[in-house]
Amino acid sequence: MNDTADKLTFTRPDDWHLHLRDGNAMRSVLPDTARRFARAIIMPNLKPPIVTTEQAAAYRVRILSALPAELAGRFEPLMTLYLTDTTSPEEITRAQASGIVQGIKLYPAGATTHSDAGVTDIARCEATLEKMEELDMPLLVHGEVVDPAVDVFDREKIFIDRVLTPLLQRFPGLRVVFEHITTREAVEFVQTAPNRIAATITAHHLMLNRNALFTGGLRPHHYCLPVLKREIHRQALLEAATSGHSRFFLGTDSAPHPVRDKESACGCAGIYSAHAAIEFYAEVFEQAGRLDRLEAFTSFHGPDFYGLPRNTDRISLIRESWQIPEQVELGEEKLIPLRAGEHARWKLA
């Protein structure tokens, strides 16, 4: 990374966890990601979900077609399939052969937005997981239990004990990405796990703790899943992200929702951060005194874990304050982005 006091130039990053939606909403938000990132792992939780390789290929075409002309050829969507109780080993073989599917996403049924079709019992997926292990197809995990008896702030910690640890014992060769980790326990799990286990960390979980949900009143635009945690957990995530450990890397989990779905009696979970994602990460690393480790976290660790080449082009950020918009277009509606109306310290050059 080449940097001065007022400019950072480094290898173009990738986003290893992104929600793009579809149709006009996708056309609205896709440029924010494509300007900053060369590639992104695209989440499959559409309505209906992306459960076959054929559907993933069609979705990929829609994404590429939605890129504005000035960004054409600059962004590559990396596709995923939504794991269900009925996903077959044959579908995993097709996914691997396609060259476009980079992972299979495990959503415990009901764990987050559009997860109703998710896995009800991981034991039902044994043959499929065996095929994934055989073909070295990564399993991307939303790591929360959905047991109503478990406190919402403990869902990730309990998932490690009840689901993830037994899963890795049963499938010792399975490659797993523990997505959007939020707890000290998850950090420690990855640090002590074999090299086949990695984790993504979001910008919002690095910047916010659970107080942000209630500052001056209820803050629905800070509601996400996994939910924000205590400050001790944010500090653990910050230390992990800036440590240089090769199995922690960037995944924004940027998730656009219209204002009406957030400001609701039963609001949706999700934070939109794609409008300033790499700028937010730079700010976090600068505050931690670890700007020298930003490039590895954002641009090297992810492709290295997935077995993909690192990007060869570069981006620059300049130290310039700019105001984040109060609202962003989302198709025919509006969304409120992370830190709406506030000022960011770094700006995309």
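Every residue, even glycine, has its Cβ placed from backbone N, Cα and C.
Features of the protein shown, as given by Swiss-Prot:
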ACT_SITE  D253  active site
BINDING   H17, H19, K105, D253  Zn(2+) 1 binding site
BINDING   H19, L20, R21, N45, H142, L225, H257, A269  substrate binding site
BINDING   K105, H142, H180  Zn(2+) 2 binding site
MOD_RES   K105  N6-carboxylysine
Inset, instruction - List the Cα distance (Å, whole number) between R21 (substrate binding site) and K105 (Zn(2+) 1 binding site). - result: 16
Legend entry - Whole-number Å value for how far L225 (substrate binding site) lies from H19 (Zn(2+) 1 binding site) (Cα to Cα): 13
Inset, instruction - Take the C-alpha atoms of the residue listed as 'active site' and L20 (substrate binding site) and report the distance between them in angstrom, rounded. - result: 10
Legend entry - CB contacts for H180 (Zn(2+) 2 binding site) [other CB atoms within 10 A, all chains]: 26
Inset, instruction - Identify all same-chain residues not among H17, H19, K105, D253 whose C-beta atom falls within 8 angstroms of the centroid of the Zn(2+) 1 site's C-beta atoms; report them in sequence order. - result: L18, I41, M43, N45, L140, E179, H180, G251, A255
Inset, instruction - Work out how many Å separate H142 (substrate binding site) and H180 (Zn(2+) 2 binding site) at their Cα atoms, rounded off. - result: 8
Inset, instruction - Fill in the CA-CA distance, L225 (substrate binding site) to H17 (Zn(2+) 1 binding site), as an integer in Å. - result: 13
Legend entry - DSSP-derived class (H/G/I helix, E/B strand, else coil) of K105 (Zn(2+) 1 binding site): strand
Legend entry - binding-site residues listed as L20, L225, A269, least Cβ neighbours within 10 Å: A269
Legend entry - Integer Cα-Cα distance in angstrom, N45 (substrate binding site) to K105 (Zn(2+) 1 binding site): 9
